[in-house]
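> Look at TrEMBL and you will find 1-20 tagged as signal peptide. Residues or ranges marked as Mg(2+) binding site by TrEMBL: 84, 195, 197, 361. Sequence annotations record features per position, and here TrEMBL assigns Zn(2+) binding site to 84, 366, 370, 407, 408, 497. TrEMBL lists 134 with the feature active site, phosphoserine intermediate. The feature transmembrane segment is assigned by TrEMBL to 550-569.
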């Protein structure tokens, strides 16, 4: 029976090749846009990567990979970096942007975390959404529990907005576990400090929007829950958070108090609490001197902080979110860069005998994507890259675990067939340097979005939702400015997240735990195991005695012990 069956299959294949349109050369010829054929202009300079010995480059990379050391001892320190919304489709064009800004070949360019020893993929879905939000994802990698979209460090039993049911369903975070083990801790973000991703480190809330008490007024049983801002300052154990840096003064100030930087803007709290002042009073109550704690609101004051003296630091640098990286220079008050904040924080936290846990978010990558502003998304990714490099330079891989990942991706894409040196923000040009026309005989960009507000400004009638209106002609447009919005295929006032897996990178002790494909809540368990906090403390000894000086000697000591024992037994 097998032979006739085989002949029957062959007959079907031949019939398909003769009459069908699937997977045939004829079909491709009828679809010239799949892989357009270009007649190469040999009179112009060849735009191609030259001077690279690809075989030697691959051999060098192979050698480096074969010689990666697995560090299997506990990590004294952990720094967790989050590129909010920084999917792989964001990292790739950022790498091209970095190369173009430096005047280098893409082959000689990598982002700082791409040189880490270990990498893998992370599944980002929430328990109730295929495409996740930042609250549910941050709750997962901070608490070790998958949960619903929109909630802050509570388990999946809590529906969004259910204040009463959030009681007893709180999920403890890595930051809280780390403080229980005597580690110094810090939280850094370029968003409001009470925003979804940073708040998952220190707060528990049935709704990410409850950033100040005014948001709880209309909530059923809202009087039973504390807002996120209040929890940051007054929540159990949070008085021991050593570094708090970000934006969002509005959620910390009373509604009758004007912002120090923007006199026409006021706080939003209704309970009369100025949480900035509350924080200062808490530090005073510990018996600290003025030199041991600092509250700052601008770059000058931040730069004046002496990390050798300061034990506790709070900095709130904006009424709302901090500036995009490429707009910081326009701020008269001045704001520190993400790298500046990381350096200062490490200098403060490294004084801890039991190590530290630092949580860092490059938040505005996400905000730029929501607005279809690829220019800011990529430049803020570079700002995060500088921060990661600063941490790598200031720490020892023998005692400090660095982990970088994203909470989710976006509907952002890098497409077309642009020549290798094409401006990453520019119109697509082919290898002859000719602008490529789309099916409507108009240029299109390398970077774009599936949905978002960019749709509205790329149609001939601005702010129209009519999908039949043709695209604007981009021929004379400057497409790499900081106010420019990329095109989007579906009209939305705010672009959505993307649901695909995101990358994770790690360097230092136990970094190999992050190789492969993992659930997002696994991150917390892997970091907890690596740093002896949370769920697996019984597996570790006293890590306060582990330092960058002693770790390299551990293997030698064990080897010598084995040799001495062998000599003794032989004798």
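Along the chain as shown, the residues are counted starting at 1.
Every residue, even glycine, has its Cβ placed from backbone N, Cα and C.
Automated prediction, rather than curation, is the source of TrEMBL annotations.
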> What is the set of residues, excluding 84, 195, 197, 361, whose C-beta falls within 8 angstroms of the centroid of the C-beta atoms at the Mg(2+) site?
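My list of surrounding residues reads 82, 134, 138, 189, 190, 191, 196, 198, 363, 366, 407.
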> How many whole Å apart are the CA atoms of residue 361 (Mg(2+) binding site) and residue 407 (Zn(2+) binding site)?
10
> Which of the listed binding-site residues (195, 370, 408, 497) has the least company, meaning the fewest other Cβ atoms within 10 Å of its Cβ?
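Among the binding-site residues 195, 370, 408, 497, the lowest count of other Cβ atoms within 10 Å belongs to 370.
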> Just the number: how many Å between the Cα atoms of residue 370 (Zn(2+) binding site) and residue 84 (Mg(2+) binding site)?
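Computed Cα spacing between residue 370 (Zn(2+) binding site) and residue 84 (Mg(2+) binding site) is 11 Å.
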> Taking the Cβ of residue 366 (Zn(2+) binding site) as centre, how many other Cβ atoms lie within 10 Å?
30
> Ten-angstrom check, please: count other Cβ atoms within 10 Å of the Cβ of residue 84 (Mg(2+) binding site), all chains counted.
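Around residue 84 (Mg(2+) binding site), other Cβ atoms within 10 Å: 28.
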> What does the structure give for the C-alpha distance between residue 84 (Mg(2+) binding site) and residue 134 (active site, phosphoserine intermediate)? Integer Å is fine.
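For residue 84 (Mg(2+) binding site) versus residue 134 (active site, phosphoserine intermediate), the Cα atoms are 8 Å apart.
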